Amino acid sequence: MATAGKDLSHYDKSKLPDASKMRIGIVVSEWNDDITENLYKGALDTLLDCGMHKDAIYRYDVPGSFELIYGCRKMQESTFSVPGKRQKRVLDAVIAIGSVIRGETAHFDFVCQGVTSGIKDLNLNKTRIPVIFCVLTDDTHAQSVARSGGIHGNKGSEAAIAAIKMAALKAN
Ligand SMILES: Nc1c(NC[C@H](O)[C@H](O)[C@H](O)CO)[nH]c(=O)[nH]c1=O
Ligand SMILES: CC(=O)[C@@H](O)COP(=O)(O)O
């Protein structure tokens, strides 16, 4: 099923792992920030709705989607303070948020391929911290709007659910 016909924002909290003690990082690209800020809001609202503590959700900003690779690796390799705990701890999952929209040249293809490959590699490194791919790769701005809180829901919410599930898998 393509995105069309699927609500990216739909989830059933009763079927999710307990997220109340999870720590999740979100790296947000500044390119197309009208889209990426909506994706971030969707992810943040969903994580909070699923019981996460707001102080256990951490954010980095990067210039563009290609820099998501570096920003997510920095998240994987960093420790963060945790509510109610004295020692800092690593994250349970990272979400990479970006919006790539096709222009006149082949640059779209190289950015999309590069960030996809880079994030794939981050899921294979020694940190063993999952990185969720929340990067829209659209032909038009209208497609991006539809997937960041529009008629197809919010991919940020979908990514938050994936992060919770993968964080639980990491803990097993
Ligand atoms: N055209 C888009 C870009 N391009 C910028 C690259 O991501 C990168 O920041 C630059 O090449 C410097 O390394 N980035 C997006 O996220 N979205 C685009 O549509
Ligand atoms: C995804 C891109 O890099 C693209 O938006 C840049 O536009 P252009 O190909 O017209 O330079």
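Using the three backbone atoms N, Cα and C, a Cβ is placed for every residue, glycine included.
Heads up, TrEMBL stuff is auto-annotated, nobody curated it.
Look at TrEMBL and you will find His107 tagged as active site, proton donor. In three-state terms derived from DSSP, His107 (active site, proton donor) belongs to a helical segment.
The 5-amino-6-(D-ribitylamino)uracil binding site annotation in TrEMBL covers Trp31, Ser65, Phe66, Glu67, Ser99, Val100, Ile101, Phe133. Neighbours of Ile101 (5-amino-6-(D-ribitylamino)uracil binding site), defined as other CB atoms within 10 A of its CB across all chains, total 17.
Feature annotation from TrEMBL assigns (2S)-2-hydroxy-3-oxobutyl phosphate binding site to Glu104, Thr105, Arg147. Within the same chain, no residue at least six positions away from Thr105 ((2S)-2-hydroxy-3-oxobutyl phosphate binding site) has a Cβ under 8 Å of its Cβ.
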Inset, instruction - With Ser65 (5-amino-6-(D-ribitylamino)uracil binding site) as the reference Cα, tell me which of the recorded positions Glu104, His107, Arg147 is the closest one. - result: His107
Legend entry - Between Glu104 ((2S)-2-hydroxy-3-oxobutyl phosphate binding site) and Trp31 (5-amino-6-(D-ribitylamino)uracil binding site): CA-CA distance (Å): 16
Legend entry - Three-state secondary structure, Ile101 (5-amino-6-(D-ribitylamino)uracil binding site) (per DSSP): strand
